[in-house]
């Protein structure tokens, strides 16, 4: 259906969606700040888990690599948003390590090194693929899988909201930012004819709609609305 639209119009729509996605993603990147204010204030990570930041960092690094000209064509917004996200995640992880107990410090350091090791393997391996299309498909599938797993992570929170009939642990602005960012990159992927972008972000949009629907369904039954994202370990 887009073939009848002039290329110039498609480019403008794609770029606008990419810029919007970068802006809305910023809301996601700063959402853990209240959590880390609490960690710094209490000089302890308490029962918070560092795993979400490790997963987010791996996702950002893989997607940054996918967005580079060495892998995909004309995906600068994907590269910029994920490189900025990686900086945020590294900052959160370093802060977490500083205030964690010795056991958590060692575990987080080990996982951080593992993330960088995996990235090095992915980059080196993909660069060995002389065929550009093969490289694009290989890294594209990895970034797609990474994004889907990241968008699926709130399923625990969704289940918690349904069981408790409370939105205390599902902040509205975090859910809204997820929905807006996913929708923006869904449109960006469609306008750029890139299934590795619009498929995972389409899933993210659906989950974002579900979170917002649950929020408005149960907000009146919530005893207290929390402003902090839930990052509590289930171990």
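Backbone N, Cα and C atoms are what each Cβ position is placed from, and that goes for glycine too.
What TrEMBL says about this one:
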type: TRANSMEM; residues: 16-36; note: transmembrane segment
type: TRANSMEM; residues: 48-67; note: transmembrane segment
type: TRANSMEM; residues: 79-99; note: transmembrane segment
type: TRANSMEM; residues: 111-130; note: transmembrane segment
type: TRANSMEM; residues: 136-160; note: transmembrane segment
type: TRANSMEM; residues: 172-191; note: transmembrane segment
type: TRANSMEM; residues: 197-216; note: transmembrane segment
Same chain only, please: residues at least 6 beyond the ends of the transmembrane segment (172-191) with a C-beta under 8 Å from a C-beta of the stretch. Say none if there are none. 2, 10, 13-14, 17-18, 20-21, 24-25, 27-28, 31, 77-78, 151, 154, 197-199, 201-202, 204-205, 207-209, 211-212, 215, 219, 225, 229
Ranking 111-130, 136-160, 197-216 by Cβ pairs under 8 Å to the transmembrane segment (48-67), which is first? 136-160
Which sequence positions outside the transmembrane segment (197-216), separated from its termini by at least 6 residues, show Cβ-Cβ distances below 8 Å to it? 75, 78, 143-144, 147-148, 151-152, 154-155, 157-158, 161-162, 167, 170, 172, 175-176, 178-183, 185-190
Grab the same-chain neighbours of the transmembrane segment (136-160) for me: Cβ-Cβ under 8 Å, and only residues 6 or more beyond its ends, written as numbers and ranges. 52, 55-56, 58-59, 62-63, 65-66, 71-72, 122, 125-126, 129, 169-170, 178, 182, 195-196, 199-201, 203-204, 207, 210-211, 214, 230, 234
